[in-house]
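Shown next, in structure tokens, is the structure this report addresses.
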């Protein structure tokens, strides 16, 4: 840019009769523009985020389609899994659109919209994980009344709260919580200001603490149920021990995956400064996107009902035998 400005100034001072010098100036300016075009490059981190978004969108689009077109997948558990898959699908599409707009259409307004869209999508994904955790707890704590209208009412309230809060947080950058007018207030994620990013990070830690508490209670209930079964049968069989251990291990994997994906980025949002190298932001944000890539594997593709629906969709020759009933989260 400085070279081009210097060339423009030198060209403006040429006499009108100096045709040869003017032609030489035009030639030099063309070479300068060609050199600037050759220097244009794409950030490899942005490419990895775009690829991550593509995988996320493809994985979760299948889950959304399966749940939407399968009438048997309508109980509260699958409604919440569908909410999670929808949020992750939108997050994947947001990463792709952010890459496209960043390099094809450079605009502050579009940047605010795409960042707000990503904030809303990832917030909905994390909140849906909390809603699934609450549903699993209710299915164990109120196992006898789980398949009732009251549970469905709770699920609908959780969905409204999840998407309402996510939409509100996503609109904050568009409504003025940004640093476009004052660069000194910028956070590590431009154009979000530091107050906005601190609010998002704090919300994450609250959700993570709630999930940790609920999964701890779920572990206690699972172990108590196993102990009650052992007392009824007068001994604790190996199968009961294996099932209990497997259940606790599954909960540990779920929490461990979620924490490993989001905790580095959430912590960096609180301690990072805008002057820090952007590579730190990319290095913590990229693993966070992997959580949306892992979610459909943990919550959808490992589920036997969804596997059955996938076989019916892609194979067409899978025949079910006998009666079929969707199981509760506690049974799964």
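Using the three backbone atoms N, Cα and C, a Cβ is placed for every residue, glycine included.
Residue ranges 45-70, 305-330 are listed, and TrEMBL annotates 45-70 among them as transmembrane segment. For the ranges 17-36, 197-216, the feature annotated in TrEMBL as transmembrane segment maps to 197-216. If you take every residue in the domain 'G-protein coupled receptors family 1 profile' (59-299) and average the pLDDT, you get 86.
Beyond its flanks by at least six residues, the transmembrane segment (110-134) meets 77, 80-81, 83-84, 86-88, 90-91, 94-95, 97-98, 101-102, 155, 158-159, 161-163, 165-167, 169-174, 178, 180, 189, 191-192, 200, 203-204, 207, 210-211, 214-215, 218, 258, 262, 288, 291-292, 295, 299, 329 of its own chain at Cβ-Cβ distances under 8 Å. Recorded stretches compared: 45-70, 154-177, 248-267; the one with the most Cβ pairs under 8 Å to the transmembrane segment (197-216) is 248-267.
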